[in-house]
Amino acid sequence: MNSPKKITVTGAAGQIAYSLLWRIANGEVYGADTPVELNLLEIPDALGGAEGVAMELSDSAFPLLHNINITADLNEAFDGANAAFLVGAKPRGKGEERAALLSNNGKIFGPQGKAINDHAAQDIRVLVVGNPANTNALIAMSNAPDVPQSRFNAMMRLDHNRAISQLATKTGRLSSEFQDVVVWGNHSAAQFPDITYATVGGEKVSDLVDHDWYVNEFIPRVAKRGAEIIEVRGKSSAASAASSAVDHMRDWIQGTETWASAAIPSTGAYGIPEGIILGLPTVSRNGEWEVVEGLEINDFQRARIDANVEELQGEREAVKDLL
């Protein structure tokens, strides 16, 4: 049995965390040989809810769950953390401009980044789930200058999984059969779910689906799936977001040779400028994401990728005083 790992979850009394924490406690992030200790961070008014969640976690008697700590203090929450899921965020208010939403969330993620910088373990990995996730991750990263930038990710895995699900439904194939799907860009309506390189059972996906369906139905449906779920369910995606967060962190830590979509800091690959965090085609090796290199980019792809870059640069400009 390995030494325990400390995992911090923010917004611990919320709906996403309610699904996420059981998966973590069951050993699905670090594996069946690694115990976990949970730090649950909440705002003071929600500590009672977090306490109730902790009681239920204890009642589940997970063999790998060695400790639960509940706090509203940032420094305590991130002390010694090996992994952090930044789930808690301020939702968009009615009529609120996106710039105001970005600024209000920056006031949450900036201090969290500083606390991570000052108190987390050296091997800390941070996954931002709370939206607008890409720029929230940029803000947290910018406030943690002593932590390698590669340790800050935003979640595109939900979009990746949604894309595969739509393709499986369309083609009648199993989700597990699809490879080399990628979602480029921002976790927003501008995102670009890309099937250019995708295969299923050795066949090119682009040969199995109509191009008009791909452009006019598939891409917008994946991008707007969250809104579709809210309309049908009356609540935002929670269990699927939690499941995708586990997928991302597990693959980041344990590795994967198959492609995954991960929002990571740009290092200039595919002509994308540095200074933004965006979804890219990646594999995970030795605990680090590596961008899949050597892909040919056509004009259609370039236009979609560039639109995401422009959007993310605009978001960065809106929060430049927080970076």
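Just so it is clear, glycine is given a Cβ too, placed from its N, Cα and C backbone atoms.
Small disclaimer: the values here were computed from a predicted structure and weren't measured.
The Cβ of GLY11 (NAD(+) binding site) lies under 8 Å from the Cβ of ALA17, LEU41, GLU42, VAL87, GLY88, ALA89, GLY130, each of which sits 6+ residues away along the same chain. As annotated by Swiss-Prot, NAD(+) binding site applies to GLY11, ALA12, ALA13, GLY14, GLN15, ILE16, ALA17, ASN105, GLN112, VAL129, GLY130, ASN131, with the evidence given as sequence analysis.
As annotated by Swiss-Prot, substrate binding site applies to ARG92, ARG98, ASN131, ARG162, with the evidence given as sequence analysis. According to DSSP, ARG162 (substrate binding site) is assigned to a helical segment. Long-range Cβ neighbours of ARG162 (substrate binding site) (same chain, at least 6 residues apart, Cβ-Cβ under 8 Å): PRO193, VAL222, ARG225, SER240.
Long-range C-beta contacts of HIS187 (active site, proton acceptor), restricted to its own chain and to partners at least six residues apart, with a cutoff below 8 Å, comprise ASN131, PRO132, ALA133, ASN134, ALA154, MET155, MET156, LEU158, ASP159, ALA263, GLY279. Look at Swiss-Prot and you will find HIS187 tagged as active site, proton acceptor, backed by sequence analysis.
Counting in whole angstrom, ARG92 (substrate binding site) lies 16 from GLN15 (NAD(+) binding site) by their C-alpha atoms. Annotated pair ARG98 (substrate binding site) and GLN15 (NAD(+) binding site), C-alpha to C-alpha distance, rounded: 23 Å. Take the CB of ASN131 (substrate binding site) and look out to 10 A: across all protein chains shown you find 21 other CB atoms. Taken residue by residue with DSSP, ALA17 (NAD(+) binding site) is part of a helix.
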